[in-house]
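Novice: Got a structure here, written out as structure tokens. Questions coming.
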Amino acid sequence: MYRSRLTAQRLAALFLLGCVLFNYPVLALFNRAASVLGVPVLYAWIFAAWLALIAVMAFVIEKRRD
Amino acid sequence: MLAGWVLVLASFAYLGILFAIAWVADSRADQGRSLIANPTVYALSLAVYCTTWTFYGSVGRAAATGIGFLPIYLGPTLMMALGWFVIHKIIRVVKANRITSIADFVASRYGKSQLLGGLVTVIAVVGVIPYIALQLKAVSNSFTILAAAPEIIMPARAAAVPLLQDSALYVAIIMAAFTILFGTRHLDATERHEGMVAAIAFESVVKLCAFLAVGLFVTYGLYDGVGDIFARARELPNLERLLTTADTAAGYGSWAALTFLSLLSVLLLPRQFQIAVVENVNEAHLRRAVWLFPLYLFLINLFVLPIALGGLLHFGVGGGVDADTFVLTLPMANQSEGLALLAYIGGLSAATGMVIVETIALSTMVCNDLVMPLLLRWGWLRLKARSDLSGLLLEIRRWAIVVILMLGYLYFRLAGEAYALVSIGLISFAAVAQFAPAVIGGLYWKGATRAGALAALLAGFSVWTYTLLLPSFAKSGWLPADFMKVGLFGVELLRPQQLFGLTGLDEISHCLLWSLLANIGAYIGFSLARAPDAREARQAGLFVDALRVEDAGSSWRGRIAAGGTAEQVMELLALAGRFLGPDKARAAFERHARTRGASLAEMTADADLVHFAESQLAGAIGSASARVMVASVVEEEPLGLDEVMNILDEASQVRAYSVELEQKSQELTRATAELRAANEQLRELDRMKDDFMSTVTHELRTPLTSIRAFSEMLHEDPDIGVEDRMRFLGIIVGETERLSRLINQILDLAKLESGRADWTSGEVDLGQVILEAAEALSQLYKDKGVALTLELAEPLPTVLADRDRLMQVMINLLSNAVKFVPAETGRVKVGAGATAIDVRVSVADNGPGIRPEDREVIFEKFRQGGQDVLTDKPQGTGLGLPISRQIIEYFGGSLWLENAEAGGANFVFTLPLPPGDN
């Protein structure tokens, strides 16, 4: 029970982190006409952060409960 | 190229495959080997969220706004992070209360209110119709475009096409027929559709594969990778703006609003609620969905921007090809018919998935929460009649599906052309967002009432209609256009999309702001206007405490009036039978009876059975209607507010008690351990007392025995010589003295131990006491030829003690010493000195010494150094040292044994100096 509450809290924290990563002003930092490996930075940032967030969510919730 | 009939054939073949999958899943479910009891299938079925909006519309959106298509998928990702809290709780509530739709959920939460259920249904149907229209538009457009290949011709305005030549109409009809076949073949008491879920999961795979295939084709087939597309786009001035976003407050505001809107929609859209909650097989499946569903969204969005830019580069900006169709037209323009067909099938799967689940969910709501309550109210269902109504229920649902799709088609004809796909969908999102306060608030706030929820929904829905739905008609020319410009009744402040003069927001953010403001304001305001009544409080308890309260059932029910007879059981069974079918109902009742350990005939209509019957009915006709139906058969005494409050209090008290109980039991465990230790100690003391008694009697018997023996000899033999006689009498006297000394010491010890000894306390000159003791024993030492030396520091401070007792200790130590040292060579040395806090006196001898293991033993009663009590001839009473230690300890000092330098024993005691005296 305690552990599952901890998981829920971690996911809630990730929710808040996601809200910050995908909104003003963090978003504005990448809103410029530059590119990373040919991809515009804004586009690269959102997809990279998105994938990272999903990975951490998967790690948090699928971690062995032992 | 692809002829129309090929497309029709392919479409039907695809639908046939779906049907086959559903059929297999259904029959597997009947055998108890569920296909969908799998977390991956659950996560994939959630991807019904991705409709033609995603499949065709995202590219259109990206072509217009760059990354503007993304918030719609970031929101659900964030929601899934919260899903472990929110969705988990909703699933628990829904399972416990056999809720079948979001309308049922809201109705049930606020006291099983039929009015509320009906209102939610109306909002859901009206709100979702544009969304269904979107699917019809996308499918009919894709069909028309593909059928006209190889030329790329945009479909004409639907309104310009005669009704019977409009492909969207046929799409609507076919979809209605397909959904009816799919979802309303039989009635399930839990409203679960295993076959449908399996088919939806399959469709999710198809549309993802199709979209990725197109994406890879465009990115790597037509262009030289992602970098190439972006590089080319950067060269065109009007494409460059798509690579960044509008750097304005409104731009970010609208981004945040869309994220928030999609966050709510992924939970509150009727089809999402159906799939995520109602069709959930196992709460644990949520675990994988939390990350797999966002990952799905991530993948399906990966190639949106490359396709959009590729399309714009290929066809040119404003080149006559609608960006919403790039997924289809790009393969067509490059002579890839197979890929175009795959894209068409992907789009079809996105549309059918959405339409099937959405209309099934809506038809359940329309049937249970709109039509049934009305039929009940109008008395159409004569309750005493015994006809089977399960057929009627299915009939209502089928008609609901047809009507909903036709309404969707109507909206498409009326308003669909004025908007891009995504904009139509957003109108629906904003509508279902109106459920958020009532649903989420109801999960966490016990004080929310029916009045609050009703007011909230009405207010939010009204604002939505005024600011979003009516303008969509106005833009299509079906309402006067000056309605938009000059506002209602010509009042400028009431302009629907600049309400109260608010400008600078896009229409969605504008609507969301005002509607949620009105919604939440009304929700809180009306809820706080009065306290919840009994039924509201009961339901609030069930919902808010869902994760804590295990039993969500019969303890909440009122007492059954009129006893609860077996006859009522039959009436309940008949009632359930009318909606579930008589055989199914009887089987369910018999199963229930078995769990109670009785046969159906023996059952009486107690609270438990009534609860069971009502929840069975709730599965078929919704909780609000089920309540009314059951009430018509079984009269329950209504629970008063006080009783509900009592039950709530009891529930919280039980929780408090259990915590308290746990603490108490821990305390009890501790106390038990302490008691056990105390008991152990008592036993030990008891055993020691027994030992002491037996030792004492033994010690007393030894001298008595010899006294008696010699006395008898003197008594029986008068001829003993005088010399012997004197010797015997001497022994008798000696033994008598020993006996009385022993008894005195035992008495002394008993007094000391019980604390009843008479103590005097005064200033004692310790040096004087030592000298006197040495004096008293000097004869004894001389007799044995033992040298006694005194080494006393001068001057010794005085101590507070009992002079006679200290003398007793000194004499005991000195006489012990002389007893154990060898005659003639024996030496005893008494030393005394003072420190700042105490006086230290030692008595050292050069006797045999005491074995280290015996050093504490000798301070026990009747134990003497180097020997056991019962062997050897005792040289003393064995009580002297225990008594001495008691005395010294009484005065706050201590007495112990050390090794003497000369190898013998060295008894040391200290006595503290009186405070303040150095």
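Glycine too: its Cβ is placed from the backbone N, Cα and C atoms.
Owing to the predicted nature of the structure, the values given are computational and were not obtained by experimental measurement.
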Novice: Between B:654-695, B:822-863, I'd like to know which one TrEMBL lists as coiled coil.
Specialist: B:654-695
Novice: Do we see three or more Cβ pairs under 8 Å linking the transmembrane segment (B:36-56) and the transmembrane segment (B:196-223), pairs being at least 6 apart in sequence?
Specialist: yes
Novice: If contact means at least 3 Cβ pairs within less than 8 Å, sequence distance 6 or more, would you call the transmembrane segment (B:338-371) and the transmembrane segment (B:290-318) in contact?
Specialist: no
Novice: Any contact between the transmembrane segment (B:167-184) and the transmembrane segment (B:392-412), i.e. 3 or more CB pairs below 8 Å with pairs at least 6 residues apart?
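Specialist: Answer yes: the transmembrane segment (B:167-184) meets the transmembrane segment (B:392-412) with 3 or more Cβ pairs below 8 Å.
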Novice: Using a Cβ-Cβ cut-off of under 8 Å, list the residues of the same chain that are 6+ residues beyond the ends of the transmembrane segment (B:249-269) and lie near it.
Specialist: 49, 68, 71-76, 78-80, 86-87, 90, 102, 128, 131, 276, 358, 426, 428-430, 432-433, 435-436, 439, 504-506, 508-509, 512-513
Novice: What same-chain residues lie close to the transmembrane segment (B:62-87): Cβ under 8 Å, and 6 or more beyond its ends?
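Specialist: Distal contacts: 49, 53-54, 241-245, 255-256, 258-267, 276-277, 286, 289-291, 293-294, 297-298, 300-301, 304-305, 307-309, 311-312, 323, 326, 420, 422, 440, 443.
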Novice: Decide whether the stretches the transmembrane segment (B:196-223) and the transmembrane segment (B:392-412) have at least 3 CB pairs under 8 angstroms, with pairs required to be 6 or more apart in sequence.
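Specialist: No, the transmembrane segment (B:196-223) does not contact the transmembrane segment (B:392-412).
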